[in-house]
Amino acid sequence: MSTPRVMVGVSGGVDSSVAAWRLVQQGEAVAGLFMQNWADDGSGDCRAEDDRRDAVAVCGLLGIPFHFRDFSSEYWQGVFEHFLAEYAAGRTPNPDVLCNREVKFKHFLDAARELGAERIATGHYARVTQRGHQWLLLRGADRSKDQSYFLHQLGQEQLAATLFPIGDLEKTDLRRIARDVSLPTHAKKDSTGICFIGERDFREFLGRYLPAKPGQILDPADGSVIAEHPGVFYFTLGQREGLNIGGVRGRPAAPWYVVGKDVASNVLYVDQDRDSKWMLSERLRSETAHWIAGSPPARRFECTAQTRYRQPDEPCTVQVLDDGSVLVTFARPQRAVTPGQSLVLYDGDVCLGGAVIAATDAPLEQRLRTTPSPFEVIAA
């Protein structure tokens, strides 16, 4: 068996299958590696065994070696423990970003090198290119599937060793290729959500690790009690579903939206205005930012930003602060910018990097703050 030059992360899905097929067609010495990132909890919802069988079938059809690695312990320590801690603190984390940084482009890359591969490849909808001595992360050609948002924590070493073979494809073309070459996964449904939750109810899953803690749901305008909640950590800013608020006397029969939460007092705040003033913000402060190039383009610059996946680009001004965080000022007010989620910055199709959102200047968030405002500290 020859030593592979490229190790493809085969997930058992159609995207990684086509990625592997394209590399074989290009004459690369390829092998496939299936990662198990979540230990079987008996629910059967992750379909890991089915995915593994599909990955084996794809590798067999392509005539490439198949490898398996169990990274469930690394995933638990590097991703899931942080996931739980963030929810317990009332924030809304993004485990996919951490999974890419801590598992797929760390432990998978290490395993590939141990097996003799020089580079890794994945089925992400993104592109990587070299400009001079610098590696750039670009959005995928299919903007509706672009996954650069989840890859913004990668650095130069990782990009230099990574291929994204399907980054130039539209999803419809990828499906056609998979069907035309008879890949076993050509008709397989795309996976959605977080693997360790699968098709299960999110609240039920989270409740296994964070016990219910009922409290009041209040109107921030007058403090009136609207209903009760099972735990503030089950909800995120802007959420409509799952509140289970029935008819409220004196209120119109309209949907309610989460506009804030106070973990210390165990209170959830709601409003019937989808674009409620209580959760509109013009500025955010981040945690320490990560720059794909190794450093920011300038101490102060203009670019576009996304504060959630698939959000339209929002023009903004970025100020890099002395502690490594960034202050972002948007050209227009933003709805439901959520602490714990990822801020990702772009210059056209080039992903500059990003950071975890630490705070915003939304009126309700500022009112509930018990520590000095990070924006007042900057002004001082």
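Here the Cβ of each residue, glycine as well, is placed from N, Cα and C on the backbone.
Some features that Swiss-Prot has for this protein:
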- GLY9, VAL10, SER11, GLY12, GLY13, VAL14, ASP15, SER16, MET35, GLY123: ATP binding site (BINDING)
- CYS99: active site, nucleophile (ACT_SITE)
- CYS99-CYS195: disulfide bond (DISULFID)
- HIS124: site 'Interaction with tRNA' (SITE)
- CYS195: active site, cysteine persulfide intermediate (ACT_SITE)
- GLN341: site 'Interaction with tRNA' (SITE)
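Recorded features from Swiss-Prot, shown on the structure.
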residue	record	Cβ contacts under 8 Å, 6 or more apart
GLY9	ATP binding site	SER16, GLY32, LEU33, PHE34, MET35, LYS104, PHE108, ILE120, ALA121, THR122, GLY123
SER11	ATP binding site	PHE34, MET35, ASP51, ALA55, GLY123, SER191
GLY13	ATP binding site	ASP51, ASP54, GLY123, THR185, LYS188, ASP190, SER191
ASP15	ATP binding site	GLY123, HIS124, TYR125, ILE166, LEU174, ASP190
CYS99	active site, nucleophile	ASN37, TYR75, VAL79
GLN341	site 'Interaction with tRNA'	THR92, PRO93, ASN94, THR307, ARG308, VAL356, ILE357
What is the number of other Cβ atoms found within 10 Å of the Cβ of HIS124 (site 'Interaction with tRNA')? 25
Counting every protein chain shown, other Cβ atoms within 10 Å of the Cβ of MET35 (ATP binding site) number 25
Look up CYS99 (active site, nucleophile) in the DSSP assignment and report helix, strand or coil. helix
Determine, from DSSP, whether GLY9 (ATP binding site) sits in helix, strand or coil. strand
